[in-house]
Amino acid sequence: MEAGVGLALQSRAAGFGGSDRRRSALYGGEGRARIGSLRVAEPAVAKAAVWARGSKPVAPLRAKKSSGGHETLHNSVDEALLLKRKSEEVLFYLNGRCIYLVGMMGSGKSTVGKIMSEVLGYSFFDSDKLVEQAVGMPSVAQIFKVHSEAFFRDNESSVLRDLSSMKRLVVATGGGAVIRPVNWKYMKKGLSVWLDVPLDALARRIAKVGTASRPLLDQPSGDPYTMAFSKLSMLAEQRGDAYANADVRVSLEEIASKQGHDDVSKLTPTDIAIESFHKIENFVIEHTVDNPVGDSQADSRAQRIQTL
């Protein structure tokens, strides 16, 4: 068994007001903590330490080129306004609950997650990055190489456990986080959103940027697209049922079809974020029929939306 010692905060913040926002602190590479009261955790699991509101504030989003097949973040002012409106509607229903984005590698979870977190006023975390910082290694690929996939998965579960005790977060999970039932236990404390991207689009994105940072796809030789598509197809078959456990499925093919596109690469991350908010709102409304909000709250929300 891989040996390792993790540290975790004994107390974690659970709700964060706008007046007491504080930056998070994460463990350094040599098992040193920068803040907080610490305890030694069980062997072989290096735990992410998270305090207060989460990660560093996300920088303002601007239209720009993207290496993932998306040309811009916002196509127009109208799109940005729609994003803001949908986020305000969803915020009412979320009541501080976290959002966990799941999906295959290259599906845009981090890009879309940053957009969603900024407009919601939430903090954003990439679970892979938290594992890297907790273990003290620069990449997931190196963790796989030096330790093992199982070692990485143990730490990934520990990170998700720590995050699940918090509120007002958007979390981009690793592509394989869904394969462990315990991770669903943690993610079900919030709302899970599956970004469902066609395999062809995923393979094109990954072939374009390379596979060195993706240990499950990295191959010594062969056509990048063909190799990526073959491996992604195998992973999709293994994980398909697990992804379907998500509360919400956001199909990029469906979004593209509604917009009259024949290629999902024509969608912007903002398109995907807007659809995600729409699906989240529908899901929460459907699942709160037996526990509706009070009349005064509903009236207040209706008046607020009408003024937008």
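Placement of Cβ uses the backbone N, Cα and C atoms for every residue, glycine included.
The ATP binding site annotation in Swiss-Prot covers G103, M104, M105, G106, S107, G108, K109, S110, R214. Under the heading Mg(2+) binding site, Swiss-Prot lists S110. What Swiss-Prot records for D128, R153, G175 is substrate binding site, and it gives similarity to another entry as the kind of evidence. What Swiss-Prot records for 1-62 is transit peptide.
S110 (Mg(2+) binding site) is surrounded by 20 other CB atoms, counting those within 10 A of its CB over all protein chains shown. The residues near the substrate site, meaning same-chain residues not in D128, R153, G175 whose C-beta sits within 8 angstroms of the mean position of the site's C-beta atoms, are S127, V131, V140, F152, E156, T173, G174, G176, A177, in sequence order. The number of other CB atoms found within 10 A of the CB of R153 (substrate binding site), across every protein chain shown, is 18. When the binding-site residues D128, R153, G175 are ranked by how far their Cα is from the Cα of K109 (ATP binding site), G175 comes first. Cα-Cα distance from D128 (substrate binding site) to G103 (ATP binding site): 13 Å (rounded to the nearest whole number).
Taking the Cα atom of each, M105 (ATP binding site) and G175 (substrate binding site) are about 5 angstrom apart.
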